[in-house]
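> Below you will find the structure I want to go over with you.
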Amino acid sequence: MTQQTTPDDLSQSFIRFALDAGVLSFGEFVTKAGRKSPYFFNAGLFNQGAMLGQVAQFYAKTLLESGVQFDVLFGPAYKGITLASATAVALAGMGRDVGFSYNRKEAKDHGEGGTLVGAKLQGKVVIIDDVISAGTSVRESMQLIRAAGAEPAAVLIALDRMEKSGTADNIGTHSAVQDVQREYGIPVIAIATLKDLLAYLDASKDPSLGNSREAVAAYRQKYGV
């Protein structure tokens, strides 16, 4: 009998996939906020066709399992464009055919013009991106969606770092994800979270990941929500 995939199984499978792809790596990295992070997630490395197809499956399954109602996908420029379009293809393969749209950084004054490309933004819209750092692209997306007369339904991301906003020394009280949820009253859905990553490291039998587990746990202790 086939075992049904649970959300936890999905997140652990995604973490393994991201590690194998080199998208998720361990070491010493400096974030934009100036913090020394023991891990790094770079969705820009989902740059092969088969790899993008796989990550789109994770996005699509996570979205469907969330139970969120949606009519259109929106991908903020630039990483969100590829992620939203690939997720739309994956959803169609699962029997859910929806439109997708994205924005340009600069408006066109010829052709179709404007800043929006793709399906008309209408009904309930899910914003798809890789992560939420400062929340800037989400806020810009909210403005575009509402200006089009549509309703933001959720934000779907690959990884929730579960990390307080601020800098290395000036640590905030909430994460960017929490701020988005509170400000707009919509859910932020993640394929995997920092908690899932720690669970993966706890369960791993790879001795080389032992130090990484300690470093990630210490980082969460200092900056985590």
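Backbone N, Cα and C atoms are what each Cβ position is placed from, and that goes for glycine too.
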> Which one of Ser11, Ser133, Ser204 goes with Phe40, Phe41, Arg161 at the orotate site, as Swiss-Prot has it?
Ser133
> Using all protein chains in view, find how many other C-beta atoms are within 10 Å of the C-beta of Lys32 (5-phospho-alpha-D-ribose 1-diphosphate binding site).
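Cβ-Cβ neighbours of Lys32 (5-phospho-alpha-D-ribose 1-diphosphate binding site) within 10 Å number 8.
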> Using a 10 Å cut-off on CB atoms, tell me which of the binding-site residues Lys79, Lys105 is the least crowded.
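Looking at the binding-site residues Lys79, Lys105, the Cβ with the fewest others within 10 Å is that of Lys105.
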> What is the total of other Cβ atoms whose distance to the Cβ of Asp130 (5-phospho-alpha-D-ribose 1-diphosphate binding site) is within 10 Å?
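Looking across every protein chain shown, the total is 20.
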